[in-house]
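Database features (Swiss-Prot):
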BINDING   Phe124, Asp208, Glu209, Val210, Gln211, Thr266  pyridoxal 5'-phosphate binding site
BINDING   Arg127, Ser265  substrate binding site
MOD_RES   Lys237  N6-(pyridoxal phosphate)lysine
Amino acid sequence: MIKLLKFYQDRGIKIIKGEGQYVWDEKNNKYLDMHAGHGVAFLGHRNKVIIDHLKKQMEEISTLSLAFDTPIREEMIKELDELKPEDLDNLFLLNSGSEAVELALKIARKITKRRKIVAFKNSFHGRSMGALSVTWNKKYREPFEPLIGPVEFLEYNNVDSLKSITEDTAAVIVEPVQGEGGVIPAKKEFVKSLREVTEKVNALLIIDEVQTGFGRTGKIWAYQHFDIKPDILTAGKAIGGGFPVSAVFLPNWISEKIEEGDHGSTYGGNPLAAAAVTAACKVAKSEKIAEQAQKKGELFMRILKEKLEDFKIVREIRGLGLMIGIDLKVNPSIAIKVLQDEKVLSLKAGLTTIRFLPPYLITQSDMEWASDATRKGISETESKRVAS
């Protein structure tokens, strides 16, 4: 019998359905889902608005090349216009975050006629060849070298390191909050300096918002926390409300230099994807999801800090909006397993961080549940550390 390749460690439970911020396993156990498909389900599982738009579109046409116009794309553009990144009036739709990063890197090389890309230590931008080339973790990169280069990795949140960005740099790619790297928010001084340096040497600034974008951090786009504007922005995950969609946003001065055949995607911008983005935009506006993420994120961080303040192995609780990391002084795997046993799903970030990526629908009661489970997980981690 054919078998699925396993690139992920099996979590040992079979999920059969989801709704809102919860999922259920085959034994009908209910879980608070703060894994959320690596953050995809920010608008909640089985969001009714998303489902209704997808059902309607499936009854009309589900696949169509971007060579042909169709009404749902026109509606999507109208709904997205209010939420688009400032001055980035052009977009191309793809299917995954890695694909969006690939296109952003291609555009940077074409526009600048330069080759070098600058990225940052602890970054994660994807696992396809180009995206992997600007991803820091050597475990991901080394088996597939040589990759695309030259790429130079600088210290994140270190203004002095930006001196390495010179006139041979095509682009700098950066996450406003490093997700896989440990849920590390960028410092405002760092981001503003980065924008100044890239402008000085005419290098493009690519902001990777595949995980941070579409409201999760308390703004529709996380770069808006830093009073700067990017040259290119990549988006994904939440923008499709659970449907696989990603996007690259560009300003007019770049789009004018893009030519037929520079890129393409068989499924990119298909009618179902356009319907999903249309619906997601409606939810984002009607539910004020960014404002909810900001308020709920602040409350969740406060509850976590109160519940975990007496643990010596907790190094830091950090994050932005509903992108939260609990950084330990030890491996968090035991705590993540205990959380799952307590019916709270989370994921690891970096070497020592528990990552929470809940849907915006999370309630204070959910936060208390998660915080109590986290306390139990860290307590067990601490006990086993002492015993060993």
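Every residue number used here counts from 1 along the chain in the order it is shown.
Even glycines carry a Cβ here, placed using N, Cα and C.
Structure coloured by features recorded in Swiss-Prot.
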| residue | record | contacts (Cβ under 8 Å, 6+ apart) |
| --- | --- | --- |
| Phe124 | pyridoxal 5'-phosphate binding site | Thr135, Trp136, Asn137, Glu175, Gln178, Gly179, Glu180, Gly181 |
| Arg127 | substrate binding site | Ser98, Thr135, Tyr140 |
| Asp208 | pyridoxal 5'-phosphate binding site | Gly97, Val101, Ala104, His125, Ile173, Val174, Glu175, Thr234 |
| Glu209 | pyridoxal 5'-phosphate binding site | Glu175, Pro176, Trp221, Ala222, Tyr223, Leu233, Thr234, Ala235 |
| Val210 | pyridoxal 5'-phosphate binding site | Gly97, Ala100, Val101, His125, Gly126, Thr234, Ala235, Gly236, Lys237, Ser246 |
| Gln211 | pyridoxal 5'-phosphate binding site | His38, Gly39, Gly97, Glu175, Val177, Gly179, Gly236, Lys237, Met323, Leu357 |
| Ser265 | substrate binding site | Leu66, Phe92, Leu93, Leu94, Asn95, Glu99 |
| Thr266 | pyridoxal 5'-phosphate binding site | Ser65 |
DSSP, reduced to three states, assigns Lys237 (N6-(pyridoxal phosphate)lysine) to helix
Glu209 (pyridoxal 5'-phosphate binding site) -> DSSP, reduced to three states, gives strand
Would you mind checking how many other C-beta atoms are within 10 angstroms of the C-beta on Lys237 (N6-(pyridoxal phosphate)lysine)? 28
Largest C-alpha distance in Å for the pyridoxal 5'-phosphate site residues Phe124, Asp208, Glu209, Val210, Gln211, Thr266, as a whole number, is 25
